[in-house]
Every structure is written in C-alpha cells, then in structure tokens.
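The structure appears right after this line, and notes come after that.
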Amino acid sequence: MGNQCQNGTLGSDYHNRFPREHAVGYVQGDSYLDLKKFDDTWPEVNNFKPTAASILRRGLDPTSINVLGRKTADLREHYIIGRKLGQGQFGTTYLCTEINTGCEYACKTIPKRKLITKEDVEDVRREIQIMHHLSGHKNVVAIKDVYEDGQAVHIVMELCAGGELFDRIQEKGHYSERKAAELIRIIVSIVAMCHSLGVMHRDLKPENFLLLDKDDDLSIKAIDFGLSVFFKPGQVFTELVGSPYYVAPEVLHKRYGPESDVWSAGVILYVLLSGVPPFWAETQQGIFDAVLKGHIDFQSDPWPKISDSAKDLIRKMLSHCPSERLKAHEVLRHPWICENGVATDQALDPSVISRLKQFSAMNKLKKLALRVIAERLSEEEIAGLREMFKAVDTKNRGVITFGELREGLRRFGAEFKDTEIGDIMEAAHNDNNVTIHYEEFIAATLPLNKIEREEHLLAAFTYFDKDGSGYITVDKLQRACGEHNMEDSLLEEIISEVDQNNDGQIDYAEFVAMMQGSNVGLGWQTMESSLNVALRDAPQVH
C-alpha cells in the first residue's frame, strides 16, 4: 500500500534509480507480489488473484465492502482535494487542505475495487491500526483522519514536502560517515521504537523515508506501513514480503522475525556510504541469489577509504544468522555511531513503559478520565495496545498477573525492580495489585496525543459533569467511581489537588490543566486566565 508525498513515488513503485551498471530494474508494481514470484511453491490462487471485473461478473459489488467497520464523516466536508502527488499500486495520494484551518495534508485514497481479497481488506485495516499505534513519534508520519465512503478509504496524514531520502542519496552519491551515522541513527531509532511497540515494518528501504524539509536531511519521517505487522516476541513469520534489494535471507527462507528489519537497515547504511546496494545482479533471481550468498563487497571504491568501524557495524547488521545479528537497540550503541557523536544508551523506546510508570503517580480523577477516553477510541486506534496486551496475557484470560507483567516487560527489553512492577500493578488496578484488566491496561498506556485531543477531553469532562453545570464536584466524582467499581475514599483530597482557585470544585480549564500537565506528581501549574473558562464556553461535541 504505497504512500506518496512530493518529489517522487513512495511505497510499492520502484523506479530503477541506482546507476545502471549496479542495478536491475525489477518489474514495476507491488514488491510484495514480486517476491511471491520468487517462491515456486506459492499457492496459485495468490499469484493469480481475480480481477474486480471478474467479481462484478459474479454479481458481487466490491464497493459494498466496509473496511473500517464503522461510519465516518464525508471527507469532502472537511477537506478540499487538490492535485495528485503520486500513484501507488493500491492507492493514489493527493494534496488536501483542511477547510477549517487551511492546513495542507496528504490524502491517500485506496479504491475499494482494488481490494479483491479478504487479505487486501485486512492489510488496509492493519496499516491504519499500526499508524495509529505509532502516532506521536517524531520520525513517523502522523495520521490525522481516516474516512470511508462507498468508493474508497481515505487516509489523511502529515504532508512531507521535502521528498524522499532516496532522492537525497542519489543527488549526493554517498554521504560522509558523520552524515550517514546521523541518518542511520534516526532510521534505526525508528526500527527500535517499532519493535519495542510490537511492530515489524517488513519493507524498510530509502523510498519509505521522507523528509519534512528538503533542506534538512535529518527531518526524516517513516512512511508506508502497508506490509507491517504486529508481532509477539519469539513469533515466527513465513510470508514472503519486502523489496528485493533489502530483503533478509531468512525472509527468503520463510522463517523470520523482527531481525529482518535490522538487515534491511544494514542495507540502507551500505547504500548511504556507497550509493549502491550490497546485493545486486542483472535479474531479480540474481539479486535473491546474492542475498542468500551474503558476500559483502568492501574492496571497491569508496570502501577502502571508509573506516573499519563503519564496516564492522555493517557486517554485524548483515550477519546471515539472525540470532547473531545486532538488535536495533544494540546498533544504537555501536562505537561507530558513538564516535560520530550521535549515540544513545536507550535500549528501548520507553513510550509505553513510561506511561505505565506515570500512571502509578496519577490521581483517581485522571485515571477515570483516561478510562472514559479509552472507551471512546476506535478499534484501529487501540489495536496496537491490544496486541501488546495479548503478548503479555499469555493465558488469554483478559487479565495480567504480576508475573506475566514482569516477564512481558523483560521480553520487550525493559528491566524493572519488583517494587516498581508492584507500583504499576497497584496503580493500574486502582485499589489492589493482583491483576490488571484489559481496559485498565489500555487506559494506562494511552499515548499523549490521544489524551490531549480536545474532543476527548470534553467528552471525559462531560462524563463527570452529567448535569451540565460546568463543574465536577465530590458527589459527581463519587458516582463515577461507583460506575467503575473504584474505591471512593479521599475524594475531597482529589478535588483539592486539581482545584486551582479553591472553590471546592473543578471547572473545565482546571480539568484540562490536570490532563495536559505532568503525569508525575500532582502539583498542577496554574493555567493562563485566557484558558480559565467553564464548560459552557468550551467547544461542543458533535
């Protein structure tokens, strides 16, 4: 499911941009299908999918498919669709302008007539779920809205006007080692973040990284999660996906895991330093043979002038044995990256874990509000957190025990003391530390960008302020605690923690200040007087 912004095609289309003597232009189109052609045992039904026309001849209407499983607003009521930015195998990307703000975005439109199989529909759903799951990371293209009508699914996302990283490589031939180290640190940081959140990209290549600003090589955004999947630690995948130059050998052997993303990143690093891929041939079959053979050329120019440390990192990222290959967080600690001044000691993107820690310091009102917000989110927005819960809930009971949480954190690369895990258990389960239920886990791990959305904040406030007075009182909070089976002790203290003007109740501005303030500690900052408005002055929920 290719994506596109300015200055080139992104995603599934490949335009043979490497120098001719070093490259082969494999068949334009979806690289996912190209890889299937390599596999002689691939089921015939998948190689020869029925066309939309053949479906229509059988009396079926592909436009009747409900991809999102819910009704959405009309895209054109909120956005003006502009010029075409590019064309992919499954969708077309357009420039669009939000009517209310005048802000420009990219809108990827996927016609339903191209969603021929159940797997095609699931691929689109999963792509949207993963984009929501990863939203908020500064180096991942932000998803803004998703719409569906009778003809298509429309994904509105951040507009990246700087073009492709691939184009920058082509323009410069190869980067200095310092620049390459800076770029690969960002790319591998994205990979490490994805893996820590239980996502495997499966199609890493320069074309799938965009620049927000054409003058800033470091303004990188990862795009195109059409082949990405959720995974659990130790899970083995067998589906042949990816792009020939960047595919790992274990993918061709149909037995792989997230280590394959590190291989692809290693190929990107080789390209960043030399301008050509390490494995190439005059045919697609030849490329695969070269990948399986695994010989890396460090003799041709410019490699004699490149440091041994850089070559050491490439060798360790392109180790043929996945278990011996560096993990993403280990790449970030390699001496070559450290020597270039952009190293990090971060072994795991802490987004989910830090939210769990913050949750342990949160008052009951904020916890309740997060539960309300979590219940309002669509399935695709919480799908990633659901998969993480399932990975920890090994017995499929819908609850997590102390031991399961400790083991799950360890498998995701996080080390906590038993006392810290106990604090998390106690906080997330409100009043005891025996188990964490699914709903409590979702509320505790909501990303900040979900919490701070105006419509979610207003809906949560309205949940407490059922009579519409514009204030949350002790009585209202007591009723809410009862509805969620939470202990209602210390409610007056909870009110006083949030009540900034000491009138014994919480207005909308104070509620927003609590939700948007620091989650650690309860000393909320006083809001500016311009924000000190009651609910009656806040935007209305539609």
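Counting starts with 1 at the first residue shown.
Placed from the backbone N, Cα and C atoms, the Cβ positions cover glycine too.
As recorded in Swiss-Prot:
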LIPID     G2  N-myristoyl glycine
BINDING   L85, G86, Q87, G88, Q89, F90, G91, T92, T93, K108  ATP binding site
ACT_SITE  D203  active site, proton acceptor
REGION    343-373  region 'Autoinhibitory domain'
DOMAIN    380-415  domain 'EF-hand 1'
BINDING   D393, E404  Ca(2+) 1 binding site
BINDING   D431, N433, T435, E440  Ca(2+) 2 binding site
DOMAIN    488-521  domain 'EF-hand 4'
BINDING   D499, N501, D503, Q505, E510  Ca(2+) 4 binding site
Binding-site residues listed as D393, E440, D503, E510, least Cβ neighbours within 10 Å: D503
T435 (Ca(2+) 2 binding site) to E404 (Ca(2+) 1 binding site) - Cα separation in whole Å: 9
Which same-chain residues, if any, lie at least 6 apart from D499 (Ca(2+) 4 binding site) yet have Cβ under 8 Å of it: Q505, I506, E510
Reported mean pLDDT - the domain 'EF-hand 4' (488-521): 73
Integer Cα-Cα distance in angstrom, E440 (Ca(2+) 2 binding site) to E404 (Ca(2+) 1 binding site): 15
Densest Cβ neighbourhood among D203, E404 (recorded positions), 10 Å radius: D203
D203 (active site, proton acceptor) versus E404 (Ca(2+) 1 binding site) - Cα distance in angstrom: 31
D393 (Ca(2+) 1 binding site) and Q87 (ATP binding site), Cα-Cα, nearest whole angstrom: 41
Assigned conformation of T435 (Ca(2+) 2 binding site) - DSSP reduced to three states: strand
Listed binding-site residues (Q87, T93, T435, N501, Q505), ranked by Cβ neighbours within 10 Å, top entry: T93
